[in-house]
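Positions annotated as domain 'Acyltransferase 3' by TrEMBL: 1-276. According to TrEMBL, the transmembrane segment annotation covers 30-52, 73-97, 117-140, 152-172, 192-212, 233-252, 264-284.
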């Protein structure tokens, strides 16, 4: 969550064309940080969520799992969605006025009709996607877990673990004609059916975390290889930033299929190298002894942080939708 705050805080400092309602002194280093943080933070989040989700269901059973996730995930989504939407709408209008000399621009376009395709999940989208994944996990947990133990053990026992786990994510991004490399996985914050790229990318991470919890001894392998993964992540991240034009993020889709595949491969592999690298000694030593609470990925403080940074995103939408560059 704190990485998310840092990620959104960089947007007013990005070099290049202004995409934010305010413009601070451009910083090339923050431009690189913008791309870097977005590579792995939600992949890591959903992997940890899957890990702790299975730990919780093993401790409390299916009924206890449903009650706990209902209170800690679904209830905050239902309770905070309306007030957050209204607050974001107010910020949206304010941002448009600020970019128009202090008054609302004339002939403002009406908001789109709310349908299952356009339903605004706002910045609580990750709670909705988590709920979808939890429901899916309840359905497929009836499958014999031993079917998956061998493949998971095989992947973590090889130096190319990140490459294997990145394949679904790479394919999903490379096959998306309007994919924007600087933004990675498109945020599924609109519509009740998450976009396929997000379902595949985040679903792979959640599923792997869920299956990893079945064999917690495998975490010791991450503790032995974290330095290699972080080294690979640093190299791949540098290559990605250079291929994207340096420290000035480009928010245009990549039209060339070959180059799109190359960027998707570097992005996906880098994301998983960061994830495995950061799940090294600090996480492995704690998780292997079950020292962290099973509800860690969805602490109430996380909701507060997400709510606070939502207004920043409203200003970004305002600048692009209500006051596009002439």
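Glycine is treated like the rest: Cβ placed from N, Cα and C.
Between the transmembrane segment (264-284) and the stretches 117-140, 152-172, 192-212, 233-252, the greatest number of Cβ pairs separated by less than 8 Å involves 152-172.
For the domain 'Acyltransferase 3' (1-276), the model's average pLDDT works out to 86. Remark: the transmembrane segment (117-140) makes no contact with the transmembrane segment (152-172), by the rule of 3 or more CB pairs under 8 A.
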